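Taking it in order: structure first as structure tokens, then the write-up.
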Amino acid sequence: MAEFVRAEILGTKFEYTTRYVNLQPIGMGSFGLVCSAFDQITQQLVALKKVMKPFDGSSLAKRTYREIKLLKYLRHENLICLRDIFISPLEDIYIATELLGTDLSRLLSVKPLDSQFAQYFIYQILRGLKYIHSANVIHRDLKPTNILINENCDLKICDFGLARLQEPQMTGYVSTRYYRAPEIMLTWQRYGVQVDIWSAGCILAEMLRGKPLFPGKDHVHQFHLITNILGNPPKSVLEKITSKNTMKFVQSLPSREPRDLSTIVPKDTDFDAIDLLKKMLVIDPDIRVSAQDALRHPYLAPYHDPTDEPVAAGPFDWSFNNMDLPKETWKVMIYSEVLDYLSVDSPDSGSMALGGSSPFDHRALDREFSEFFDDREGPM
């Protein structure tokens, strides 16, 4: 039986196995405190998250179950990899994932990225999205803080706490608003994987510009910023609005023509980058480019390899999503998922394979942003 250590970190009681040492708080993730820790078995740093009050209610328990199921199922080089799950004697749940040096938000806060980074990063984001979407999963919360990067420029999408098959109600996180697709703001009853493509387009624009494209102060201001650049929503979008108040708001907007996107990025921006941006930032999601088609775009030709852009083995099983179960039942189901994971060897994501044939200089980011990658090794 595993031995456990107890510690208090930022006022939160941590109860973890002796496998992990040198815990340091690194932030709050979705519904949990996250610490870096050194894994004495793999000799690697991990991100160790304590799931806050997973059994306080059925909705929280269901969310925890969903996140664990997704982390177990989704296995791809550009997605964060599950390393360990365990339940403490106090019946708290801990999830360990691989730890990368920094996130895209921190890099963008220092200085604009060179064009080579923007190109390579958006390729990896779209490569990950192709896999996620093939599993019939929508991330729903794609933003720079959820894009993790290491010193070799390997990129991984993280935080699947909000991922869904579909979700009629939009979430209200201010930090997410900048990257939120128009169809969510227009309160469509159903939306699809295209919302992630919009978010990725906003991220590409931010990497090219060095600042957010649509930094809305609220939902109304956000939509004004979008129409200022992309013009008024077309008839095909208006026909899908079901809320009378939303329709009234959209119809009250002044008439605006779409701007040339070359005017919102630096003058030396690659033409192909602007063209891809145009295909991603389309108000009507039905004609927005897919991740698979975006990977074929000329802008990403230096990295595109159809034989090395895998899809999921099959769609993720969402049969639990509409279940309305008591928290005790969710608890039993969560324990079952944890035991199932522990009954087999924890899969290792391995090293990224993109560098083998890629023309990218994989040490370039370390030279540019070395301050973010100082403490990469375990305890001496």
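Just so it is clear, glycine is given a Cβ too, placed from its N, Cα and C backbone atoms.
Bear in mind that the values here come from a model prediction, so they are computed numbers and not experimental data.
Mean pLDDT across the domain 'Protein kinase' (20-300) comes to 90 in this model. Residues annotated as domain 'Protein kinase' in Swiss-Prot, with sequence analysis given as evidence: 20-300.
Cβ-based neighbour count (10 Å, all protein chains) for D141 (active site, proton acceptor) stands at 24. What Swiss-Prot records for D141 is active site, proton acceptor.
According to Swiss-Prot, the phosphothreonine annotation covers T171.
Positions annotated as phosphotyrosine by Swiss-Prot, on the basis of similarity to another entry: Y173.
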